[in-house]
Structures are given as C-alpha cells and as structure tokens.
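Take a look at the structure below.
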Amino acid sequence: MSIPENAIAVVGMAGRFPGAKDVSAFWSNLRRGKESIVTLSEQELRDAGVSDKTLADPAYVRRAPLLDGIDEFDAGFFGFPPLAAQVLDPQHRLFLQCAWHALEDAGADPARFDGSIGVYGTSSPSGYLLHNLLSHRDPNAVLAEGLNFDQFSLFLQNDKDFLATRISHAFNLRGPSIAVQTACSSSLVAVHLACLSLLSGECDMALAGGSSLCIPHRVGYFTSPGSMVSAVGHCRPFDVRADGTVFGSGVGLVVLKPLAAAIDAGDRIHAVIRGSAINNDGSAKMGYAAPNPAAQADVIAEAHAVSGIDSSTVSYVECHGTGTPLGDPIEIQGLRAAFEVSQTSRSAPCVLGSVKSNIGHLEVAAGIAGLIKTILCLKNKALPATLHYTSPNPELRLDQSPFVVQSKYGPWECDGVRRAGVSSFGVGGTNAHVVLEEAPAEASEVSAHAEPAGPQVILLSAQTAAALGESRTALAAALETQDGPRLSDVAYTLARRRKHNVTMAAVVHDREHAATVLRAAEHDNVFVGEAAHDGEHGDRADAAPTSDRVVFLFPGQGAQHVGMAKGLYDTEPVFAQHFDTCAAGFRDETGIDLHAEVFDGTATDLERIDRSQPALFTVEYALAKLVDTFGVRAGAYIGYSTGEYIAATLAGVFDLQTAIKTVSLRARLMHESPPGAMVAVALGPDDVTQYLPPEVELSAVNDPGNCVVAGPKDQIRALRQRLTEAGIPVRRVRATHAFHTSAMDPMLGQFQEFLSRQQLRPPRTPLLSNLTGSWMSDQQVVDPASWTRQISSPIRFADELDVVLAAPSRILVEVGPGGSLTGSAMRHPKWSTTHRTVRLMRHPLQDVDDRDTFLRALGELWSAGVEVDWTPRRPAVPHLVSLPGYPFARQRHWVEPNHTVWAQAPGANNGSPAGTADGSTAATVDAARNGESQTEVTLQRIWSQCLGVSSVDRNANFFDLGGDSLMAISIAMAAANEGLTITPQDLYEYPTLASLTAAVDASFASSGLAKPPEAQANPAVPPNVTYFLDRGLRDTGRCRVPLILRLDPKIGLPDIRAVLTAVVNHHDALRLHLVGNDGIWEQHIAAPAEFTGLSNRSVPNGVAAGSPEERAAVLGILAELLEDQTDPNAPLAAVHIAAAHGGPHYLCLAIHAMVTDDSSRQILATDIVTAFGQRLAGEEITLEPVSTGWREWSLRCAALATHPAALDTRSYWIENSTKATLWLADALPNAHTAHPPRADELTKLSSTLSVEQTSELDDGRRRFRRSIQTILLAALGRTIAQTVGEGVVAVELEGEGRSVLRPDVDLRRTVGWFTTYYPVPLACATGLGALAQLDAVHNTLKSVPHYGIGYGLLRYVYAPTGRVLGAQRTPDIHFRYAGVIPELPSGDAPVQFDSDMTLPVREPIPGMGHAIELRVYRFGGSLHLDWWYDTRRIPAATAEALERTFPLALSALIQEAIAAEHTEHDDSEIVGEPEAGALVDLSSMDAG
C-alpha cells in the first residue's frame, strides 16, 4: 500500500454536542435528521433569570442548542479539589473529559506512549467567569485597585489561554501545547497546526479541538433586522429562507498521528487528513467582520495543492454554512472559484452540507464539529441531510456550479476514494480548510482472521467502585450487540491500549460468556483490586506493588499427578518449549520419557521418586518460564524439598544442565534408599513427639499446628492407628520413602561428592532455606554440604513462612501442581487478610482447563497490583476496536449567578480564599478551649476553604488533595490575614496539616516571646498537673488521697505537731496551693512554719476498741473529712486525727492527688515513722535530704521539654496518637459525650480473683517473662474484642516520672505527683495466639520512651507539639496497675502504716474524661479489679460484660500461652513487678 508522504491519520475522536452525549449519539442524530436546537418553555426561561420584560419582547427568540451536564465534572478523576473544580471554567472541564475519551478511543495511554504528545486547543471567552463568578462581587471594584493574586488565580482557571496547557499538565504531556484563537475557525486551525507539528517532528501524536459553552445556557437570544442570528431559531444553510444562525455549545477533539506511524502501530484509523491550509482575508473586504470570497478560494485551493489531489476527486464539502444571507453566497462563491481551477471534468456533482443546521453554530468549536461529522460520514459511507433545505438561495447560483446540497440522508456514492473538504472561517478573517480521505481499506476493515480459540482475559480499570460497575455494564452491552467486536480484539484493546488504575480482570470464553460474567455481581472468573471496593479515587501508579511483594513457592514430592499441565503443553508454546528441553535432558540422564510419564502414565509409576522428582522439576521449571514471559517477577523463592532445586536453578545457583544432573542423581539415590512411609499429623512438632515410635522422625513442619513424620512402613502404620484412636487427624502422604530423615543418610556421601565437583553460584533472587527456615547466605548456597544436609533434615517450611509473612501484603504464588503450599500459608498464625495466594495450576480433582486456570491466576495477580505484560496474549493480527469510554462521575460543581448583590466570588475575594463564615473565629476559640490547637484549627479552616472540602485529614498530603503552587500562595495569604506566617514553600516542606501546624508553632516558639520559666517567681504547674487542671473535670478540692497511720494512744498532740511540722517543712509540695487566673495556673508554696492545720474527731462512745465497728467508724470519719475538703485554693495537704477509745488513734494525711503519687506516699510514710521514732526517743528530728524539690522540678520542666531526648520522641507520640481504629463511644450505642461526668454519672463494678487465680497470673509472669501489666493489658484487649469489637483501642497508661532526662535532677526522695499519663495503642483481636498477643503488647510498651515522661512535656509544655497532641481525642480507657498493697503489719510498734485501713478510701473517684477507668491492684494475695464507667457513654450491660469477661479472658490467655510455651525471650526483656513490702514503686516496673 502506497502511503502519501504528508498524510495524517485520525486515530481517535470524542465529542459532546447538543442532544448528543458522545460521538455515537451525534451520528445517530445526524443520520435521523434530528435538529438539536430546542424551544425553551417560559418556566425554563424564568428559572434561568429571564425577566418578564424580556419574555414579552417580540425580538426575543426562545430557542437554543443545549448541551446536557455542563455543570458536572469528575473532579476526583483529574485531581481537582471541589472548590477548584467549582471555579474552573466548564469549557475546560468538558475539554478535559473529552480529551481523555479521545485518547481512549485512540488506544493511547499517555503514560505508556513512546513519544511526545502535543495539544492544540481553543475555547470561547468564559461566560461562566463573567456571568456566574464575577456576579458575586462589585464589577467596579474588580480591577479598580489593580490586579491581585486572587483575581489572577480566578482568570488562570477561566481564561482561554490556559486550555491547552491544562490538558498537558493533567495528562503529563510533553509536546507543544498551544492555545489557538482565531474566533469561529479556531478549532479547525488547531487541527491544521497539529498536523504541521506532526509533520515537522515536533510531536508524535497530537490532540486538537475546541470547547465552547454559551453561559447563561438555558436562555434564548435577541434578534434584530440584519443581524447574523435567526429570527425564527432555525439555522437553514443554503436555503432561500435562511435568515441567520443560532449559537450553541459543544466540545470536540481528534487525536492525530502520521499515517505511516498509525499503520505501523496497528491503530484504528477513522479517516486520513491529506492536507490543510490556513490564511487571512486581509483588508480587501467590506469590513473587519465581513468574509472575503477570494481568500476563502485561496485557502481551499492551497489545501488541495498541499494534499496533492485534484478538486474533482472531492465529492463532499462540509461548509462553514452559517445560514446567513451574506455568508452563504460568499462561501459558495469561494468554493466555485477553488473548484473551477480543476482541469478534470467531474463525473458527479460535489455534495454540500452544514452541521449547523443540526446543532447550530458552536463558535470556536464549529470547525471541529464539522470535521467530526465528516469523519463519521466517511466511516459510515453515508451523507446526512442538511436540515431545513427546501430550495436554494438564488444568490448561491448553485445551478451554475458543480455543487448540490444534501437534502436527505443517503449513501455516499463515489467512483473512487471518498474525499471531503471541511471549511471553517473566523470573524476577523482567519480561514481554514482541511481535506479528508477515507481510511485505507486494510486499516478500516476488521481482520478477517477467525476468533482465536480458548479463554481471553478482559481487563477493566476505574478510579471508583461505582465507575467500575458502570464500565462493566457498558462493556457487556457492547458485547451483546449483533455486530459487536471480536472478543480477542476487546481483550487486546483493553490490555494494551487503555490506561489502568484500579483494576478488574475477568477470564471469559466467548462474547456471550463475557457479557454474563461482566453483569454478574460476583463471579469466580472475576478478580477485583482491593481499592475498587472502597469507592475512593485512587491511582494504580501510586499504589502498584513491586515484585518484592511476590514470593514464588515451588512444591515438591507428592504434588505430582498424571496429566499435570497437559493443557498448557498443548496451548502455550513457551511452556512446551521449556518442557521439551528439560525432558530431553532427563531422558539423557535417566532414560525416562517424561512426556509419556507425565501425560499418559499411571499414578503408581509417577509416585516413584526417580520419576516424580524429574517430572516436578520439568513442569515447574516450564511453568516459571511461562509466567516470566508475562513479566511477573518474584522478590524471593521458596522451594519445598525438590522444589528448592527449581528455585535455585531459576535464581542462577545451578545452570539448567547441572540442575538436571543433580536432580536425576538425587532422585535415583533416594529411590534406592530403604523404603518407608510418611504421614501428615495435625499437631505441632513439640506435641507430636510424645506419639512417635523410636524410628519415626520429624520430616517437615508445614505450619505450627501441622507436621509430617516419616519412618518404616510398619511403624508409620502403627502410629496412624494410635493417632486415630486419640482423635488426632492424620493422613497418608504419597511417598515411598522416609524423606528428610536419617533414613536418607546412606546416600549423602555420594551426593555430596558429586555436588562438590559442580559449580554453584550466589543467587540472583533471594532464597529461603528448608534447612534453616531463614534466608540462604551466599556461603550456604554454594556449600555442597548444605544441599546434602537438606536431604536428611526436617523441612522448616513453617519457619520460612514466618519470615515471608512478617512483611505485609505478601502475594504467594504456587508455581506447580495443586495448592498445598499456599494452603499451609493460609493456616499460618502470621497469615492476615493483607496477604494473598495465587495458584498457577489446578488441583488434580478439578475438572477445569489448565490454560483457564493459568489465565485466572494472571488476572488475580494483575488485580492485586502486580504488573503483568499481556503481550503474549496479543492476537496474531491485533485489531484495535471501539469500546465504551470511562464513565466519569456526574457530580455538580457550579456557582450560581447572583443578580441582586455584590459579594465575593468563591475563590476570588480580594486577596484571600473564600470568605470566612460568620462565627469562625468563635469556633476557633471554642476549639482551643476544648483542647484543640488554635493554629491547627485555623489552618484546617483555611485549607478547607481553599480546597473546597468540609474537612481535611490532618495527615493527608496537600498535593494529594489537589493542591498546587497557586493554591499554596492562596493559603499563605489567608494565613497572613489570620496572623500566621507561612510561605508557599512551606507547603512543599510541610505538606500535611499536622506537619505545617508543628512548623508554624515551632517558628512562634523560637521567636523569643515566651518568658523563661526560671524567671518566674511562682512556677507554672508541671505537665501532669496541667493535665489534671486542663480538663477541668473534677472538683479540685475533693481529689484527695489519704495516708493513714495507727498511733499508740500515749502519743500526744505536741508530738504529732512536731512530727508534722518537720515533715511538711521538709517537703515543699505539702505547702503548695494553686492560684488560677483566666485558666493560667501558678503554684504558690508557703514558707516553712509550724504546722497548725490539725483537726480532731473522736469515735462515738460505746464502740469497743479494736472491734470491726471501731474500724468502720474510723473509715466513716475519714471519708467525711475527705469530702469536706472542697476549697480549691486551700493548701493541698491537710491532717486529721480520728481518736478511738482506749485503742490506737488514726492519723490521716489528706493529700491532694496533684502532689502525691504512690512513691510519695511511701516516702511520707517512711519519714513520718522515722520522725515519730526520733521524737519519742528524745532525739532531734533529722530526715534524709531531698536533692531536688518540687518547686525546682517545676521550674525545670520547661527546659526538659526542649531537651533533645524529649524532642526526639515527637514523631513517636504524634504517630501513636493516631493509631486507634476502635472507639468505645462510637462502637457502642451511646454517642460520644464531650462533657465530663458528674459523680452520680459514674458507676463502679468490682471483682476479685481468687488466690489460686492470682497465683496463676504470677506463674504466667515467670514462665513468659512478661510483666503483670503486659499480661493484664493483653487480657483487656481480648476482653474488648469479645464484648465490643475488634480493632485498635487507645488506652491511657500511667508511668513513673521520676526517671528524668537530666542527670542533675534527682527525684528519688521528692514528694510530689510525678505520675506520667500517656496513650498507647492496644490491639483488640480474638484470632491472635496467646504468645503473639503477649509479645505484641510487650513490644508496644517496650517502645514507650522514658516511661512516657516526654508525652506530658510535649503535650503541655512544648507548645508546637502540644497543639498537635492536644487535638487528639482522649483515650476511651484509662488503665492503672497499682501493684501490691501491703497488708496490715503485725507487732506493737507505736506508729504503723495502715494499708488495710487506707484501701477503701485511698483512691478518689475518677472523672478525667474517660469512658472507662480500670484500676487493678494486689491485696491480701488476690487481684482486685475496679471498673469505673461513665453511664452516659457505656451501657450497663456492656460494662457488666467487660467486668464478667475479663477474668475468663485472663485465665484463657494464660492457659493458652502455657500450652504453647516457648523460652526464646532474651534475659534483657525480663521485667520486674511491685512486690509485697513496697507500697507501690513504679520505678521498678519495666515498660513491657
């Protein structure tokens, strides 16, 4: 076939025209002679804002060519935030969507196209900008004070200059990108310029077209005598009644390539552009807007000359044809002049037509509409009618020309090649003419080759699940048509010629089957990518996994079966080629004909080792080579027994010939070994040992609960009987020998001697070892002894799985018969829903086609995100076919016009983004008061307004949300208006809301405005005290903890006062009271002085000393005294005496929780007892010194907050604060309640474990080397999972804050509240093994830095991080393990600490804003649990279920862990616990 040198192929096209949603509907309307200019009802016009005065005007024409859906756009598909989409000119939006459909029609994926792609486009002036956007502001002020950024941004999104470059940016096109503006001829000029660019080599493919919208849209127009618009609302080109045109809306594009390149690429060619030309009228005409017939004739003649054709061969001309009395005669005059230069007589007249009679004048898109119409005429070999043509305008003098007007639909009769001209003339004089020719016969005809036999893989892509569903339905409909495309061509077009995002693969057999599968909601032959289920926009390019996720598994002995892979051998030449190569090698080594053995042999023969191992090697090697041709690569290999040799060969350890020799020798020597038997047992390796006779050995561990044992046949038979009687599942393994046991020892020397003479190389792909269960080192791989030991050693397949499944989202591909290895993987404890298995071959019992199974596997891999090269599936004669385009989401993005007031347009408001809603500042203040960061709230609001979304995920990337450099400028300007200093560059460095907030706050903190805490006379409160006060949840006066001592009645008040004076003066925290001012708290510490604050109450008369009644009376007095402490400004420590009659008195120190912790109570008890001893002995009271007092500690907190050790933990706390996925308040019926509970809204449930159950807990601690806290938290996770649901719950823990970050701070003897509070994520799951659950909690706690000290410092002292952490939700659960409460000491000492008396009143009621507070402590040898719950948030039934389930879950956890006990923990992980003899010493507790 001769290819014209300058010919350009139209390989793709798309458009939306009045009354037509796509090109197919457009042709249907043309063929039926449908006019798409409609009459508008009075109500429609009123709704559009047309006034009654206008409606009454006789000059107002109520007609318009309407385009549906101009307000709709799939913003997510193109990466536009909602607000940006709303402001973007709809002409640009439609052009974007049509450009994508045109590329799809061309079978061109820009990301895979090997060359540059240019864009030549045009749009009309933006009526949307003028009528809609700018109607919201004072037009006199738009530019009154000069251009500002937001005006520039607004014009940038609406001006016609940016149409083409917007396409290039959206699709990452690197060729020329030119906006063309020549008025009505613009889009045809764009086609001409694109052709020149292709011919000059500037680009290899080009998009060309135009977009024009009349806005306001659903309105008519005014006419007047002599105007160019029709008074009747009909466009009647060439007709005697022609009185003007009707302007309408539309968009169209074509995709162009050099004809030779299109043919070479196998493109579908719609038509050929033989040549084109443009020129201008100049001034030789009646006026600027008037046409020039001579210039029009010149441009047509030049186009003919460029095309190298004679005008007599042009049988149709799509005219500019506006239907105006002036324009039509001039156009025919020019045509006559151009065509009369021909020296060849015509055999038939040239037909004229004008699409404007159907759809009106589309302004800048008029030329592309005419071009697409003409291309459709060429494709269909038919000419539609030019509507409303009854008799010619006599001014045309058609009877004196070679032209006739097509007045009805009919075939395009032509003696030779069909050729056509398309004209478009612009106001201002730029004329364009294009010569079209029908596509070459070879390119236009569907291949005559028969449909290839066998299954096909259909691939579909979409960015949302909804779009995928629409695509499936549309493709099914296309396949169901009578003249639908060949299935192989559909598969080729979708696989090789479409861009893929979220994916779906379907294996189908014919068109009918394909349609059925596509329409089915679920089908075994359909595989859908995970992202397509969630309905969110996503891009495969961003989420596509690498080959590192893929692991190939090669099965061994026992997987073989007769006929395996026969279907692949018969249908896949690559498989057959490699099978034949291996079979020939094994025949030379062994004399065995594998073709006969594998495809036609018997099962008994194939079970022989000397046959099965070569057969498996051959099949699996050929299968691996076949899958390799599809581009599927693995990041690692695991081979099972014989399979390890296949893996090593593919990894390059053995060359193929060496591998064949090695496997042949190994199989022969194994076959010659003593016979034996093997069975698979449903027990773990430790449990099965007790059942094994002496000569039966462990052969393989496939998963922790299943293993294989082997030995002599008689002993295996007896073992099977014993296991069956014990109710333990056992099954025979198809093996004739006791593989991987000492029974193989006799062959080892000969095998190792052979291997030592072979050359082994380090692997190109990582290998896992059967011998060690871990990665093979290069040294191990090349060591013959390792390969020899593998023969007689158990296969540690479970350990190999343990290694690969530790990584998330692994895809395990079984490269061999059946699915035994992937089945073991799915039973492994580390298997999760993020992992996937794929089997390349069928199970022997499945009656399915081998190739069907293989293609299903490829489809499943592809849908999982693995790159698959579908080239091997390309038909012998591939043919690109037309298929439905992407179903864009029809979402409205529109700003309605405002005809009454001037306000600010969205996205254009005098220098800042869309205006702040009333009350936003108040909302910010409220948010700040609720503990949220004011900076973040402000930035959240700015981002939301600029992006046009209601909320912004604080960890979402600004640019992933659709942000760009211009929007970054908008955000910086809006932030400046809020008093925040941000540069556009900051958005690149800190692209998330969280990171930007931290950066802004850090900048503020470094500005030097903060007053150093050391300069303050009264120090600010430390972070944990701030935690208490910041929430404002409890009456600070009531939150007191008692410290109770029994005193001998002979101890008098002077002694008590002396002791108290010494102790209170020794510890400054006991002289503390807080002063609050507008939410800012200071600590005031009184000077040392004699202690006078002592109250005295007596037990009522008649109560016997030492009786239970006396103790109850004392407790009542103490509880009453504690309740009386309601003055928030009073000192935080008070002392009371409860005097008994004749028995001991009780001294109660009521100390506020904010100045004492468990260690403080121990220090105070020791000091008081010491002081009493010294006083009663007549000695001076001298207490052990305090190194760092409370006041000094408080002053140092600010410095500690900026200590590197604290700052280094920022990322840890920020990351961990967002891990929770389960919130009790959300998972349970009651809504989340932000306000703190009152005392009467809290309820306590208590339970006690028996001494025996508590001992069991101690035994578990010693066995597993895990702390009591770890075991209790693991049980709590199980309890929540069983009663509420599975997920990750945020739990607040308490830590010991006395281990500080600076060596010059010593708090070991300091009285004060140093408890740290910090959140940890707790996984709540029911399916996790006990040891795994303990390990998970242990690792979580072990990762907590510095006992959680840094969290409080960063949360309450270091402002930048404080705002970030403060925005996080309060954990639902507070958990505290208080350790051992010592029992009442015996003896007659005059002063004794009374823990037994303290216990009932020692803790204040909770109220820190948690839904549940669980307090656990040891007392009297038993474990006690107090469940406090907020009755507004937690139903009583749920709380009772938690309280009831916890002991059961704890016991089950310990029992399970003991059953699966292991001792692999490092000694460094042994953790201590508070034990008897210490009140509570949290500093002795490790983190996990």
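Placed from the backbone N, Cα and C atoms, the Cβ positions cover glycine too.
Over in Swiss-Prot, the protein carries these features:
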type	residues	note
MOD_RES	SER2	N-acetylserine
DOMAIN	5-438	domain 'Ketosynthase family 3 (KS3)'
ACT_SITE	CYS184	active site, for beta-ketoacyl synthase activity
ACT_SITE	HIS320	active site, for beta-ketoacyl synthase activity
ACT_SITE	HIS361	active site, for beta-ketoacyl synthase activity
DOMAIN	930-1004	domain 'Carrier'
MOD_RES	SER965	O-(pantetheine 4'-phosphoryl)serine
BINDING	1286-1331	NADP(+) binding site
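Here the domain 'Carrier' (930-1004) returns a mean pLDDT of 75 for the predicted model. Shown in sequence order, HIS320, HIS361, GLU363, VAL364, ALA366, GLY367, SER424, PHE425, GLY426, VAL427 are the residues of the chain, 6+ apart in sequence, with a C-beta less than 8 angstroms from the C-beta of CYS184 (active site, for beta-ketoacyl synthase activity). Under the DSSP three-state reduction, GLU1292 (NADP(+) binding site) is assigned to strand. Taken residue by residue with DSSP, LEU1328 (NADP(+) binding site) is part of neither helix nor strand, so it is coil. With every protein chain in view, the residue among the recorded positions SER2, THR1310, THR1316 whose Cβ has the most Cβ partners within 10 Å turns out to be THR1316. For the pair ARG1298 (NADP(+) binding site) and SER2 (N-acetylserine), the C-alpha distance works out to 90 angstrom.
A C-beta separation below 8 Å, combined with a sequence spacing of at least six in one chain, links LEU1322 (NADP(+) binding site) to LEU1273, LEU1276, GLY1277, ILE1280, VAL1288, VAL1289, ALA1290, VAL1291, VAL1337, THR1340, ILE1373. Of all the active-site residues given, namely HIS320, HIS361, the one with the smallest number of surrounding CB atoms inside 10 A is HIS361. Listed in sequence order, PRO829, ALA1336 are the same-chain residues at least 6 apart in sequence whose CB falls under 8 Å from the CB of LEU1328 (NADP(+) binding site). If you take the Cα of THR1310 (NADP(+) binding site) and the Cα of the residue listed as 'N-acetylserine', they are about 98 angstrom apart, rounded to a whole number. For GLU1286 (NADP(+) binding site) paired with the residue listed as 'N-acetylserine', the C-alpha to C-alpha distance reads 70 Å. Of all the binding-site residues listed (GLU1286, GLU1292), GLU1286 has the fewest other CB atoms within 10 A of its CB.
Rounded to a whole number, the C-alpha distance linking the residue listed as 'N-acetylserine' with GLU1292 (NADP(+) binding site) is 80 angstrom. Under the DSSP three-state reduction, CYS184 (active site, for beta-ketoacyl synthase activity) is assigned to strand. In the three-state DSSP classification, HIS361 (active site, for beta-ketoacyl synthase activity) falls within a strand.
The DSSP breakdown of the domain 'Carrier' (930-1004), given as helix, strand and coil counts, is 45 helix, 2 strand, 28 coil.
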